[in-house]
């Protein structure tokens, strides 16, 4: 967390949070069940640039800020915890490492399994399915598995392009 106290880091993290909030409102619907969302890209970028601590803060603030700007239901802190975990996963798996397709794929698999399948299914079951955790996992798992390669390609394209133009120079 010492890293977050640096003015440059704080500024870039705030910008990534703002971009994450805005991108969180955009989605590309594929069909009634599947849509591509872009809100996790700035969280992954924060993880790649600054590591798990700062990325976890960006993930939390992106969730809270998105709710404050445009609430789409009741505020539920479980999804904020999911945002923190997203940042931690991307930070642990991407920080200080070369941005390669296998690495992004591995990070996306871990993120999808822990956050998308286990955590978010649990939060949704608490909110809407009362004791329906297994049902939430069973219904969400196929969609989550289908989206892994899609998000891998998106993340790789964006993060690799930003790495090539020297985005890591903004990290202290």
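Glycine is treated like the rest: Cβ placed from N, Cα and C.
What you are looking at is a predicted structure, and each value in this text was computed from that prediction instead of being measured.
Per TrEMBL, the feature transmembrane segment maps to 12-30 (among others).
According to TrEMBL, the feature transmembrane segment maps to 42-69 (among others).
The annotation transmembrane segment is assigned in TrEMBL to 75-93 (among others).
As annotated by TrEMBL, transmembrane segment applies to 105-125 (among others). Within its own chain, the transmembrane segment (105-125) is flanked in space by residues 40, 44, 76, 78-79, 81-82, 85-86, 89-90, 93-94, 131-133, 135-137, 140-141, 144-145, 147-149, 151-152, 155-156, which lie at least six positions past its ends and keep a Cβ under 8 Å from the stretch.
Marked as transmembrane segment by TrEMBL: 145-162 (among others).
If one looks beyond the transmembrane segment (145-162) by at least 6 residues along the same chain, the residues whose Cβ comes under 8 Å of a Cβ in the stretch are 34, 36, 38, 40-41, 44-45, 48, 94, 99, 101, 104-105, 107-109, 112, 116.
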